[in-house]
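A quick write-up on the structure given underneath.
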Amino acid sequence: MINRPLALVAAVAATAALLPGCQPQPTVTPPAASAPTAARAPQPAGVPVVAMAPVDVQRLLEKRITPAFVPGQVVVKLKAGVRAAPMAAREMARLQIEPAQALTSGGERIYRVTPTAARSMGAGAVTDRTLELVQQMAARPEVAYAQPNYLFQISAVPNDPGYAQQWHYFDNGSGAGRSPGGINLPQVWDSNKGSAAVVVAVIDTGILSAHPDITGSPNRVAGFDMIGDPFIANDGDGRDSDPTDPGDASAAGECGAGSTAQPDSWHGTHVAGTVGVGHTDNGVGLAGVNWNVKLQAVRVLGKCGGTMVDINDGIRWAAGLPVPGVPLNPTPARVINLSLGGGTPCSASPATQSAINDALARGVTVVVAAGNEASDAAGFVPASCNGVITVAASDFRGRLVTRYSNYGARIDILAPGGDTARDDNGDGQNDGVLSMVQGGYARYNGTSMASPHVAGVAALMLANQPALTPVQVRDALKASALPRSATDCPQPCGAGLLNARAALGPGAPPPPPPPTEVVLAPLAMNVAIGQNAALLVTVTAGSAPLAGKNVTLSSNNPAVVSVMPAEGTTDANGRLTATVSALAQGNATITASTDGNQASTAITVPARSAALPQPLVLALGLLAGAVLAWRRRTAG
């Protein structure tokens with residue numbers, strides 16, 4: 001169990017429901033809106049919408065800009081090759097710390113200030129002591145990195161009646177059934193409604209399984225509740241297989257000194273609704289970007305946010321990687337959506353970058369919200385992490401929402417995040433993004449709402465071309481984006497506005513060729529002096545083997561280990577077998593290279609075992625036999 005956070009991290013994807021004074025109003029039926037196309041007009045019935053008052057998100061977030069972490073907890077990763085054993089008891093006693101839990105999914109250990117020491121220090125001193133411990137741990141020679149356990153926050157035309165109000169899906173432009181901020185989905189739906197073979201993981205607050213637009217939906221697979229602390233979980237226990245969202249409301253002061261009361265957000269359900277968790281084209285409720293997809297809810301955020309450790313475990317679990325104490329995910333995701341974040345650069349949270357790297361290595365596309373602080377996304381995690389698709393927010397007119405959306409060189413693309421402070425389409429409703437919440441539907445704004453549009457389109461792309469890599473998905477989205485002017489984006493907002501039709505249609509730019517990859521197996525091995533061992537080289541482009549590739553092999557210590565052949569050509573399966581020979585005690589690295597790409601294997605040659613001379617072995621054997629015979633005679 002963690003101590004109560006002293007301060008909340010900046011909300012990366014705040015929504016109208018999270019803001020002070022924004023209690024849900026009674027369910028209402030919105031006025032009819034113009035049909036998006038004449039051929040497929042939505043049903044005239046209204047859709048229940050929980051009305052939210054316009055709110056200035058930026059003003060609220062100015063109060064939450066301080067990065068926060070779990071007081072007293074330090075996350076420590078040992079260097080490769082260092083025995084992963086707990087710190088000596090004497091050393092922990094000197095530092096007044098103790099183990100907080102077993103190894104994380106990333107192999108990190110978590111230490112915390114002992115409860116006795118924490119009580120004697122006081123809250124403010126524990127926070128200061130945490131930062132001191134981070135520095136002390138990071139300076140130890142066996143430690144790869146040490147950091148705080150940061151807290152993160154929630155940052156074909158269907159016949160669903162609410163679709164007429166989902167301007168963010170419409171064809172881009174002006175006129176009936178269009179909006180200048182639309183992402184051109186209707187023409188995509190004529191040929192691509194998604195695929196049940198593609199799983200999108202929404203790592204968030206969980207999901208409202210009993211929502212009328214979700215109950216019985218075929219668009220779901222089993223998820224998981226990854227929240228370890230019962231206080232944050234707010235459902236009576238820790239980690240379990242039920243990702244249902246029980247609500248994340250908190251009272252004033254409950255999330256740290258000076259924190260304000262917050263209502264339930266139902267944030268994860270709103271995000272999942274945009275991706276496509278519900279019944280699209282069923283004559284009820286709203287549409288999602290995907291009509292056919294498998295949505296996986298991974299719950300990592302609850303009361304007062306969520307911890308970095310839980311989020312990192314959620315990322316790895318969603319990608320199909322093992323997490324200690326948790327069953328393996330039977331349906332790994334191809335796309336992960338992270339509408340959350342913390343107020344520190346990704347460079348200050350190497351544990352988060354490590355989790356993202358592991359997901360990317362599994363071929364998972366990771367889409368993240370840029371953040372709602374109206375500042376440079378470079379200062380926020382995971383928005384500034386490498387390998388992710390970072391999404392800024394646009395309004396009804398396709399412009400960067402400068403009053404809240406983050407911006408900068410880290411932004412890859414712009415997508416509809418909405419603006420609840422405006423009604424630019426004149427329909428009598430604010431221009432937020434419409435999706436599902438408890439009791440109906442609501443319009444939220446934030447980069448949290450922009451990110452699932454991109455995650456949803458990425459899923460449509462993978463339905464078309466399952467072999468696409470995360471880099472190819474990102475590059476194709478950026479290459480097909482609608483360019484924005486300096487007026488549209490007074491700050492850098494990436495390649496432009498998300499354009500689903502261009503990313504998926506006949507005119508879509510072809511994805512860049514997959515990179516050549518060299519794999520050596522095994523990655524490491526021991527070979528005795530005088531012995532040989534086989535190394536398998538495999539060369540691929542994406543998942544396709546590359547035949548006829550010229551491969552060079554070399555040893556950085558040929559006096560210890562040699563390799564043959566020094567040069568060879570891959571067979572029809574993209575493979576080449578090499579032989580390594582151990583010549584002397586020591587270490588060597590074998591490297592295979594082709595077209596500027598390479599892979600390495602570490603070889604260890606242990607010292608030769610001391611052998612007894614053969615005559616002495618024979619004499620000792622005869623002596624042992626004589627002794628045994630004498631004992632038998634004397635015993636008789």
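Any Cβ shown, glycine's included, is placed from N, Cα and C.
All annotation found in TrEMBL is predicted automatically rather than curated by experts.
Some features that TrEMBL has for this protein:
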- 1-16: signal peptide (SIGNAL)
- Asp204: active site, charge relay system (ACT_SITE)
- 232-274: region 'Disordered' (REGION)
- His267: active site, charge relay system (ACT_SITE)
- Ser448: active site, charge relay system (ACT_SITE)
- 517-605: domain 'Big-1' (DOMAIN)
Whole-number Å value for how far His267 (active site, charge relay system) lies from Ser448 (active site, charge relay system) (Cα to Cα): 9
His267 (active site, charge relay system) to Asp204 (active site, charge relay system) - Cα separation in whole Å: 7
Chain-internal residues, separated by at least six, CB under 8 A from Asp204 (active site, charge relay system): Ile154, His267, Gly268, Val271, Ala272, Ala297, Val298, Arg299, Val300, Leu301, Asn337, Ser339, Leu340
DSSP state at His267 (active site, charge relay system), helix/strand/coil: helix
Three-state secondary structure, which DSSP defines for Ser448 (active site, charge relay system): helix
DSSP-derived structure type at Asp204 (active site, charge relay system), helix or strand or else coil: strand
Counts by DSSP class (helix H/G/I, strand E/B, coil) across the domain 'Big-1' (517-605): 0 helix, 59 strand, 30 coil
